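Peer 1: According to Swiss-Prot, the protein has these features:
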- His843: active site, charge relay system (ACT_SITE)
- Asp892: active site, charge relay system (ACT_SITE)
- Ser985: active site, charge relay system (ACT_SITE)
- 134-259: domain 'FZ 1' (DOMAIN)
- 268-304: domain 'LDL-receptor class A 1' (DOMAIN)
- 305-340: domain 'LDL-receptor class A 2' (DOMAIN)
- 341-377: domain 'LDL-receptor class A 3' (DOMAIN)
- 378-415: domain 'LDL-receptor class A 4' (DOMAIN)
- 450-573: domain 'FZ 2' (DOMAIN)
- 579-614: domain 'LDL-receptor class A 5' (DOMAIN)
- 615-653: domain 'LDL-receptor class A 6' (DOMAIN)
- 654-689: domain 'LDL-receptor class A 7' (DOMAIN)
- 690-801: domain 'SRCR' (DOMAIN)
- 802-1035: domain 'Peptidase S1' (DOMAIN)
- Asn104: N-linked glycosylation site (CARBOHYD)
- Asn141: N-linked glycosylation site (CARBOHYD)
- Asn231: N-linked glycosylation site (CARBOHYD)
- Asn251: N-linked glycosylation site (CARBOHYD)
- Asn305: N-linked glycosylation site (CARBOHYD)
- Asn376: N-linked glycosylation site (CARBOHYD)
- Asn413: N-linked glycosylation site (CARBOHYD)
- Asn446: N-linked glycosylation site (CARBOHYD)
- Asn451: N-linked glycosylation site (CARBOHYD)
- Asn469: N-linked glycosylation site (CARBOHYD)
- Asn567: N-linked glycosylation site (CARBOHYD)
- Asn761: N-linked glycosylation site (CARBOHYD)
- 1-25: region 'Disordered' (REGION)
- 26-29: motif 'DDNN motif' (MOTIF)
Amino acid sequence: MKQSPALAPEERCRRAGSPKPVLRADDNNMGNGCSQKLATANLLRFLLLVLIPCICALVLLLVILLSYVGTLQKVYFKSNGSEPLVTDGEIQGSDVILTNTIYNQSTVVSTAHPDQHVPAWTTDASLPGDQSHRNTSACMNITHSQCQMLPYHATLTPLLSVVRNMEMEKFLKFFTYLHRLSCYQHIMLFGCTLAFPECIIDGDDSHGLLPCRSFCEAAKEGCESVLGMVNYSWPDFLRCSQFRNQTESSNVSRICFSPQQENGKQLLCGRGENFLCASGICIPGKLQCNGYNDCDDWSDEAHCNCSENLFHCHTGKCLNYSLVCDGYDDCGDLSDEQNCDCNPTTEHRCGDGRCIAMEWVCDGDHDCVDKSDEVNCSCHSQGLVECRNGQCIPSTFQCDGDEDCKDGSDEENCSVIQTSCQEGDQRCLYNPCLDSCGGSSLCDPNNSLNNCSQCEPITLELCMNLPYNSTSYPNYFGHRTQKEASISWESSLFPALVQTNCYKYLMFFSCTILVPKCDVNTGEHIPPCRALCEHSKERCESVLGIVGLQWPEDTDCSQFPEENSDNQTCLMPDEYVEECSPSHFKCRSGQCVLASRRCDGQADCDDDSDEENCGCKERDLWECPSNKQCLKHTVICDGFPDCPDYMDEKNCSFCQDDELECANHACVSRDLWCDGEADCSDSSDEWDCVTLSINVNSSSFLMVHRAATEHHVCADGWQEILSQLACKQMGLGEPSVTKLIQEQEKEPRWLTLHSNWESLNGTTLHELLVNGQSCESRSKISLLCTKQDCGRRPAARMNKRILGGRTSRPGRWPWQCSLQSEPSGHICGCVLIAKKWVLTVAHCFEGRENAAVWKVVLGINNLDHPSVFMQTRFVKTIILHPRYSRAVVDYDISIVELSEDISETGYVRPVCLPNPEQWLEPDTYCYITGWGHMGNKMPFKLQEGEVRIISLEHCQSYFDMKTITTRMICAGYESGTVDSCMGDSGGPLVCEKPGGRWTLFGLTSWGSVCFSKVLGPGVYSNVSYFVEWIKRQIYIQTFLLN
């Protein structure tokens, strides 16, 4: 799941690998075992990786909301503070009741309460008393994308007199965040009617229609409690007393706008092409009556007709009768599973009449709504360990140093070997034990923790502008490595706090505890001074308190020494300490804003300086000619194209005439190209050396690239094993037809088999061939390869549907696998793409790149109950994408090589990979699967859910602090009905293609997790973008390195 700019709220829910599921027993049997476990590493890991980040995401959304309230209040008071409104020569006080019309030509402001004041932001350029300017063509079309739901096309011009264009964006952003919190279904409509009042033309006059008071009161009632979470009430500039209701005047047909007054609620979604859900969400009209819960409340399916041979769910969905009373929730509300006749020998009857398979009883999952399937269950049946007092706990809680059984029996008879410290671990001051590389397989000298206090260079980008450059670990938060610190909650929290400007030296303080200064002489930490900690806490703790969080316990200031202490040195900032981290942009005013907000089209600095000098050259960046995209110079000529026309990878080298250019732009002699040995450092001189050439007769001739020239392969001495090698090398499966075709050309280019090719032990075909020898048969090889079958589900019973998702039938997703490590168990989902190859996301291996600690489990549906179809393979190789960056969670993909081939069965078989040019269209429906969280727990059974593909442009609107790139796919629902949760990281997003084959298009990467309704859709790594890289890496590992 990288830590340069601070992480967006939505990213914090997608941690680097999911935690081991905290096993669930019967509620009565479990007692308080789990609640007592908060101090243990297992549950603490669950809290840090799941609950806290999700809460933090919600919290930071509220912090952002708070900042927008403050911004709007500032704009309001700046414009209204001391400037009385003059109407007909009289000075008005505060709180005038508006008639809810804004006239360009004349005023219609009521003077019933002359002591009231009209907020300046609700007036247009002409003051109400100014009748000197008539404008009969003041209406203009509404083009703002956030307000397309408005049922009218025209608004007034000029718009709000005191709200500049950038402030208008902030004004609407305030309502956008309220909308995401779902406090009132029409809150966005309310904001848009304020920003763009409907333009009504009445003869020579034009006036605007403001919201009705009842509309305002409904919005206030729904959202004031949300604002209360950040210690704000309904803003004064939105007070409802200034608006009028329709019934208060009869001489004007329409004096205010209300959603109830429109003829047909569909108009609220605009222009008739959209559908208004009962929840207030607008969806494209084409999604109505398509069998999917796009509205979150099934209102888009409520009035749809089913044919006579289909079952009509209470949700409105139509089902094949074969899916009724089969134990699976196909309707989404269990209406297809009620009042069923259960087989008493094979099925359990739930209280609502649903029948579930007997093997689901006492398996640790509550499959019945009334939980009757988990009553009177033994610990063993649920995969748990029984305490002496009958309490059930997970097996990993045994002998871990914490008493989880109330009688303490889980810590009895524990030998030294059973403790968390294993042979070879180092015992350290701040952590019970550390392995020699801090959990990392990249065991370079800087990572070595053999003496647990060795100084190492600072590599955490967040803190690379400190006045010192060496640190040692573990740090004051207990992080064992800088990589672990980079993916921690604290490395996201402090940069977000810095933006609030709560304390000038907060960033310096946070870095002194994230990357403590290391004394090069003693190897010991030099801590921050107590005063620095106390000042940071005093000024910034209140900001956390606003959203219900506490100052991190690990930063207890009493542990740090006083300044000028006689017996210990400590750190205090001097006047030259940089206030903003490298992950921030420093405004001219000194304010720090996230670097990702620099030049994003929206002013975040109070002096707007983050939107100045935004040209690529002005920011010392390289500009793509085609789309003016700005790139860092470090990605130019790095072998990975970033510009749409690949211009960043052109003209990167100047090879001689007898040389060819490698993919990384190095130069290698032509004679060395495709000679069986890698001469380019990236092995690109050995890529695509064997191909098939199709002529007009559709015969596939085997071609070999040698010294920049194509050659035919002579048939002399050819054997079937060579056809197998050729097809495998090209990634085309097994050979089905091999032919020897007579050559018609007079002087063909031949490559012939080496005389003793069988003893060469070559791994590629082209290294077994030689040039310069005659072909006696004058015949060339024609080859037809049969691709390995993929994407089939022979064991699946069709038609089924993770947060809002459903339990999946065994064998339905035979490519789904579980990436596991000891002792944690399931960490991430993964996908089988070939007999020996698996895909997952790169962030699952953050700090855990050692292949020896991983295994892959396939053919399993219930994590807690081994299956007869289950296959387990150890991991041989882990290949992370070299451009993977946690700072933006981009290039989030990795390839895993298994220790041996899988045995292909109906329950274990690979999925198909897409073609590089095969991209998903918006509003396509696909499936996600995994063992992610369903509400408040991680299920044992594999879950599945349908999701709709969302355009990248629409997706970007949900993520202000992240950039959605072409390496990503967005999927989910505006309502957040179904989306992948934490444990699904690395799991598949698959779509069914014609012929019943399933193709892998995405890997669950980041985005919305537990609060998808708040944070928008899920974000997936775009497999289509990476197909060439995937195939290249498999080829290199198979033929060039092995």
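Every residue, even glycine, has its Cβ placed from backbone N, Cα and C.
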Peer 1: For the glycosylation sites listed here (Asn305, Asn376, Asn413, Asn567, Asn761), which one has the lowest count of neighbouring CB atoms within 10 Å of its own CB?
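Peer 2: Taking Asn305, Asn376, Asn413, Asn567, Asn761 as the glycosylation sites, the minimal 10 Å Cβ count falls on Asn567.
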Peer 1: Among the recorded positions listed here, Asn141, Asn469, Ser985, whose Cβ has the fewest other Cβ atoms inside 10 Å?
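Peer 2: Fewest other Cβ atoms within 10 Å, among the recorded positions Asn141, Asn469, Ser985, is found for Asn141.
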Peer 1: Would you count the other C-beta atoms found within 10 angstroms of the C-beta of Asp892 (active site, charge relay system) for me?
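Peer 2: Excluding its own Cβ, Asp892 (active site, charge relay system) sees 33 Cβ atoms within 10 Å.
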Peer 1: Which number gives the other C-beta atoms within 10 angstroms of the C-beta of His843 (active site, charge relay system), all protein chains shown included?
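Peer 2: The answer is 27.
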Peer 1: How long is the line from the C-alpha of Asn141 (N-linked glycosylation site) to the C-alpha of His843 (active site, charge relay system), rounded to the nearest angstrom?
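Peer 2: The Cα atom of Asn141 (N-linked glycosylation site) is 46 Å away from the Cα atom of His843 (active site, charge relay system).
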Peer 1: Taking just the CA atoms, what is the gap between Ser985 (active site, charge relay system) and Asn469 (N-linked glycosylation site) in Å?
Peer 2: 34
Peer 1: Compared by Cα position, which of the glycosylation sites Asn305, Asn376, Asn413, Asn567 is the closest one to Asn761 (N-linked glycosylation site)?
Peer 2: Asn413
Peer 1: Look up Asn567 (N-linked glycosylation site) in the DSSP assignment and reduce it to helix, strand or coil.
Peer 2: coil
Peer 1: Express the distance between the Cα positions of Asn305 (N-linked glycosylation site) and Asp892 (active site, charge relay system) as a whole number of Å.
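Peer 2: Just about 43 Å between their Cα atoms.
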Peer 1: Three-state secondary structure of Asn141 (N-linked glycosylation site) from DSSP?
Peer 2: strand
Peer 1: Taking each of Asn376, Asn469, Asn567, Asp892 in turn, which of these recorded positions have a Cα lying within 10 angstroms of the Cα of His843 (active site, charge relay system)?
Peer 2: Asp892
Peer 1: DSSP-wise, what's the residue breakdown of the domain 'FZ 2' (450-573) into helix, strand and coil?
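Peer 2: Tallied per class, the domain 'FZ 2' (450-573) gives 49 helix, 10 strand, 65 coil.
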